[in-house]
Amino acid sequence: MSEPLLSNQKPRVKLNTSKRRHRRYYWAYLFITPQFILFVGLTIFPIVMSYVYSFYQWSGIGPLENFIKWENYKELFHDTKFWHDFLHSLEYMVGQTVIVMPLALIMAILFNESKIKGKTFYRTLYFLPVVTSTAIIGIVMANIFGNKDALVNNLLQTFHIIKHPIHWLDNPTLAMTVMIIVGSWKFFGIVMIYWLAGLQSISADIYEAAKIDGANFFSTLWYITLPILKPISAVILLLTVVNGLHVFDLVKTLTDGGPYFSTETIDLFIYNYAFASDGIPRMGYASSAGILFGIFVFLLSIGIGWLIKKAGQDEKVKGKS
Amino acid sequence: MRKLFSLAMGMILLFSLVLAGCSSSADSSSQSSAGGKATITLWNRWPELNDVFKTTIADFEKENPKIHVKLTNVPADQYVAQLQAAIQGNQLPDIFGFNPSLSLPQLTGLDVIHDIDDVITDQKKTQFVDGTWSEGFTTLNGKVYQLPLMSGYHYTNMMFYNKKILNQYGIKSIPKTWDEFLNAGKTIYEKSQGKIYGLIVAGKSSASYETNGEIMSMATAISPEVFWNSGGVTGINYKTGKYDFDTPGIIQTMQYFKKLKDNNVLHPNSMQSDDMQSKGLFENGKAAFTWDGTMAAGIFNNDGFKDWGAAPLPTKDGKPSYEGFQGESPAGLLVSKNTKHYKEVKTFLNYIIDHFYKNLATDGVEEPPIQSAMEGIKQPYPQFQQVVDIQDKIKILAPNPYESNVKAIDVVNNAQGKQPQDDLGNILQGYLSGQISNIKETLKDRTAKFNKALTDAIKSSNGKVSASNFKFSDWTPFKPYKGN
């Protein structure tokens, strides 16, 4: 009697498990739905429409009537201003990445040391610019780096480091440098938190074992910390690069793209064409610029993504050997 | 299952509420309240008019208790984007400020604006200053669409000086020539030991239209064929019908700016200052002079800065300079075609003609478009009449290519889309920062690009517009053009 019972029970258990699993899926789908609808409506739809607009001569109002095929793209390829702005975006991104990545790591390593007092206070302090409005930072920094009666020049003059005020934002190289420094300062805190998260995921046992083996701080850093951080460093690199390529509010408020467009980035280029307040807006042309730059960012992200994967695989191989 | 169903319904309900909240059943145009009170909506994009609107609306609502005017002051740099969105979403307010980026033919073509012929009757038209009713700017195909809020002479460039500084450093007469101005600036800088500069201008990229206007205005004293006009079709030599930026006037004016910078006459913060920052530095005595538009006068007055005077911009040899007036209305109101309260809108527009213009003059913001509105008003500040007189003298009626052929608007708009985005203010920035070494070549290149775009746009009009529409052989610079 018992055998048939057992044979009957097995499928019921399976059925129950499958029902439960399905019910779990329903719940999951239910919770995802609002977000998914918003994502499609507010992210996917505008992206798709940007592709559509890029093939039209369109000012942003009225019906899409003037289909001009690839004309916007052809014009864009010959537009020296677009390529200059493209270069400025790259310059900013490289500058910010080179400054932020190593400095934030050093700071994170310091704050990860248990000996340092007031760690939480300093972490908060470094994180403050992250939560401050970029536009406000831009306006304040424009005053700090002003030519006359401005804080930086006044300080340098007070300490007799310079005789005449430096025209920080009137010189193309200095203006870009100031923008990179301010942008790096703003983004520094969040990268430091990323590094800290990576550092805190490393087991204390490893360090202890290294200590017993006689490893000092630098050899521990070189042979243990940095290799373990390799996969997360690729993720941080990706986030820093993508952030650096999309700088708008800081440029708008700090330099407004000046002097003579030397700090104008692609985001500002797109904005100026799409919503020109003195001239006819060119939404189609701005969209084609956005698409082209978007494709570049996408390819770059794939490249870094490949690095992330490779870094992860290398670590696995090392772990096995 | 029932629980799941209830939850799903709850989620759907919540989500619909969110969407309903986003879409807003009451659009930005006319609304009627339960009490039968009609609400008309108004978007203003001129910050200097905020207070005048506020006062006028308060008085209007007292006299017309059944109408409520909801005023929204939209930041100028977001205005075009907001209009684009409103037109696309069919959410235009009942009344909204005109912006040249969205031209009259474009708006009438989309059928989104209402003509106001029944507000601006033929009899009323005669009250406005000459040239106000002009094709492509205030009228289209003979119908009036735009109600001007200020005189068409609005935004004339002039020179403002700080009387106290001039007295303190012994500058007895107001400079009329470039040399006199340079010497005055050098004296002030030297005597104040570098604490006070001769001149502050707003040269930041977002304010480059200011220096652009100052350059073109001063340049007319040397090359009068190319004039500046804040809201019109500017930069064209109407003798030849072609754009011309590499004129001796413009080149020499650019070089003069450099001379001012090299001699410590130009305040070092000039190229980083927007219009408010430059005014602030002037009011705070950091520079003895500023070159700015007419509206600066009202701002100085509002800020409580009293010790200033106004004069025309200095020119190379002290000869007069001028700016063109082509009938455009730099500030004016349009009415949405979809308004549900056109009757109330009409009442309000008539009230503007009768009261707003007077308030405008009383507050000293700007000269109204009807001269009679100035009669009998108390001068809002002592310099007001001085500013108005300079403005009236500098602005001269000039040829309007739209008058002879309204299709020229489309050509100009098409050309503008393909022309370089920089203006002379941006080029000045590049010249002063050392990025442009050969100013003549840069201006020549700009002229060629502008003309190519214009020629291409004329070609694409399929014969509806010709180059001759931009050529006025009967026009003499400095003489009011009556051929429009």
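Yeah, the Cβs are placed from backbone N, Cα and C, and that goes for glycine too.
Remote same-chain partners of the transmembrane segment (A:26-53), defined as residues 6 or more beyond its termini with a Cβ less than 8 Å from a stretch Cβ, comprise 64, 283-284, 287, 290-291, 294. Sequence annotations record features per position, and here TrEMBL assigns transmembrane segment to A:26-53 (among others).
Sequence annotations record features per position, and here TrEMBL assigns domain 'ABC transmembrane type-1' to A:86-304.
The transmembrane segment annotation in TrEMBL covers A:92-112 (among others).
Under the heading transmembrane segment, TrEMBL lists A:124-145 (among others).
Per TrEMBL, the feature transmembrane segment maps to A:174-199 (among others).
Within the chain carrying the transmembrane segment (A:220-242), a Cβ under 8 angstroms from the stretch's Cβ atoms is held by residues 93, 96-97, 100-101, 105, 109, 187, 191, 194-195, 197-199, 201-202, 206-207, 210-211, 297, 300-301, 304-305, 307-308, 311-312, 314-315, 318, all 6 or more beyond its ends. Residues or ranges marked as transmembrane segment by TrEMBL: A:220-242 (among others).
If you look at the transmembrane segment (A:285-308), the same-chain residues 6 or more away from its ends with a CB under 8 A from one of its CBs are 47, 50-51, 53-54, 57, 72-73, 75-76, 82, 86, 89, 231, 234-235, 237-238, 241-242, 245-246, 266, 269-271, 273-274. The transmembrane segment annotation in TrEMBL covers A:285-308 (among others).
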Item checked: Remote residues contacting the transmembrane segment (A:124-145) - C-beta distance under 8 A, at least 6 residues beyond either end -> 107, 151-152, 168-169, 178, 182, 185-190, 192-193, 249-255
Check: Going along the chain, which residues at least six beyond the ends of the transmembrane segment (A:92-112) come within the CB cut-off of under 8 Å?
Finding: 119, 122-123, 126, 176-177, 179-181, 183-184, 187-188, 191-196, 198-200, 221, 225, 229, 233, 236-237, 240-241, 243-245, 247, 265
Item checked: Same-chain residues near the transmembrane segment (A:174-199), Cβ under 8 Å, at least 6 residues beyond its ends -> 88, 91-92, 95-96, 99-101, 103-105, 107-109, 111-112, 123, 126-130, 132, 134, 137-138, 141, 145, 166-168, 225, 229, 232-233, 235-236, 239-240, 243-244, 247, 250-251, 254-255, 258-259, 262-263
